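**Student:** The feature signal peptide is assigned by TrEMBL to 1-22. Residues or ranges marked as domain 'Neurotransmitter-gated ion-channel ligand-binding' by TrEMBL: 39-239. The transmembrane segment annotation in TrEMBL covers 240-264, 270-294, 306-325, 439-458. The feature domain 'Neurotransmitter-gated ion-channel transmembrane' is assigned by TrEMBL to 247-453. What TrEMBL records for 375-403 is region 'Disordered'.
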Amino acid sequence: MAIYVSGGAVFTILLISRLLESSMLNAEVKEGEILPPTIHRLMKGYNKYLRPFFDNGPVTVGMSLDIASIDTISEINMDYTATIFLRQRWTDERLVFEGNKSLSLDGRLVELLWVPDTFIVDSKKSFLHDITVENRLIRIFPNGTVLYALRITTTVACNMDLTKYPMDKQTCTLQLESWGYNINDVMFYWTRGNESVSGLDTLQLAQYTVEDHYTSVSEAVYETGNYPRLVFHFQLKRSILYFILETYVPSSLLVVLSWVSFWISLSSVPARICIGVTTVLTMTTLMMGARTSLPNANCFIKAIDVYLGICFSFIFGALIEYAVAHFCSLSHMDSHILMYGHHIHDFDDEMNGIITTISNHNRAKRRKEAAATPAPAPASLELTVSPSSPSGSEPKPEAPPPEPTNWCLTALATVRKVLRAINCCHVENPHHIDNYSRVTFPLSFVMVNLLYWTYYLYF
């Protein structure tokens, strides 16, 4: 009985070993079907966790870029989004094989090979395209050179100086760096120098044109060591035509519209006030609309803000000009009325003087006639003296009534004259203020524009 039990156990062990051998054989067959013989020989003993030339110095990795598109450039977020084809080349001595043709492999086989740990330094978010499969390319050459290409869309930060917006030029960068291998392990280089980056010459952007681009090689210094870095610089110049049609021309026309009030009579108060207030409110709305697409940063006083501020100042100045001219016209009118009152008062005084002179002349004539007649009897003398004053002197003429004092009107006229001298710059006729404004406002605006455009375009 014991012999039968031991024999069954041995039979079971032999059966299990046969099944394991057959499964391993089937796995080898399947692996042979997945990998061609050449690749199968290359992968035999290959360790993807060790870099090439592990004990013989750093591995050199060449880089090249193809800019497929630059989708958006945001001034608010200070970044740009681009789709690029990143190509990396390096030599792996473990992948040398005989032949004269390269091997193009499925991108999913990249999991079996060592690849550089390259990353984009200032990337905010990135992703690898995977429609219909992951957009990867692996190509192995007979001398062991590996070509590894990726299609990536990335959003990269770009520090912008917006002080000359919208006449600004921005220089953005795309920096490639090794994450874990320092310069003792990996060295990066551009395969063809400045020509390693292509696609910018045919690139069409909405608001920018690419003026210049170049490459550079540097090292990133961190606490953990020095790491290789490749930098691609490209300079963008903003197209100003859109902003001229959208902001500069409307704001300039509003300034010209505010000058129309200089040709309207000072007495037309509603018309001039309506033009002034309407242009001020419209300019305010235009200024608010121009700032919606820009970052709300107090550190940036942009060129477009300066121009809108200039236009707003001229429009507000035209409104203040009418207030000054209207006040001066009222003061001028009051001074004429006061002067007319003084003339009437002087005329009354002159007439009173003439009447007094005639009255005195008549009294003197009567006295002469009385002296020329013979003296009457004593009784008549008494009668003559009795109506006179007790001293017997001549009767004096009555004094004219005291002149009314106009010190209030005089003081008010003096204050208004001082204000008129200050506000109207000694302009005798307030209507001349509009005449001067018709010349000074346009000339000043032209001069300010010349200085503005000269400074922001050439300095």
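Glycine too: its Cβ is placed from the backbone N, Cα and C atoms.
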**Student:** Can you work out which residues elsewhere in the same chain, 6+ from the ends of the transmembrane segment (306-325), have a Cβ less than 8 Å from its Cβ atoms?
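**Tutor:** Residues 247-248, 251-252, 254-255, 258-259, 261-262, 266, 272-273, 276-277, 279-280, 283-284, 286-287, 290, 423-424, 430-431, 433-434, 437, 441, 444-445, 448, 452.
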**Student:** Which residues of the chain, 6 or more past the ends of the transmembrane segment (240-264), have a CB below 8 A from one of its CBs?
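**Tutor:** Distant Cβ neighbours of the transmembrane segment (240-264) are 166-167, 207, 271-272, 275-276, 279, 282-283, 286, 290, 304, 307-308, 311, 314-315, 318-319, 321-322, 434, 437-438, 441-442, 445.
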**Student:** Can you check how the pLDDT averages out over the domain 'Neurotransmitter-gated ion-channel ligand-binding' (39-239)?
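**Tutor:** Mean per-residue confidence for the domain 'Neurotransmitter-gated ion-channel ligand-binding' (39-239): 93 out of 100.
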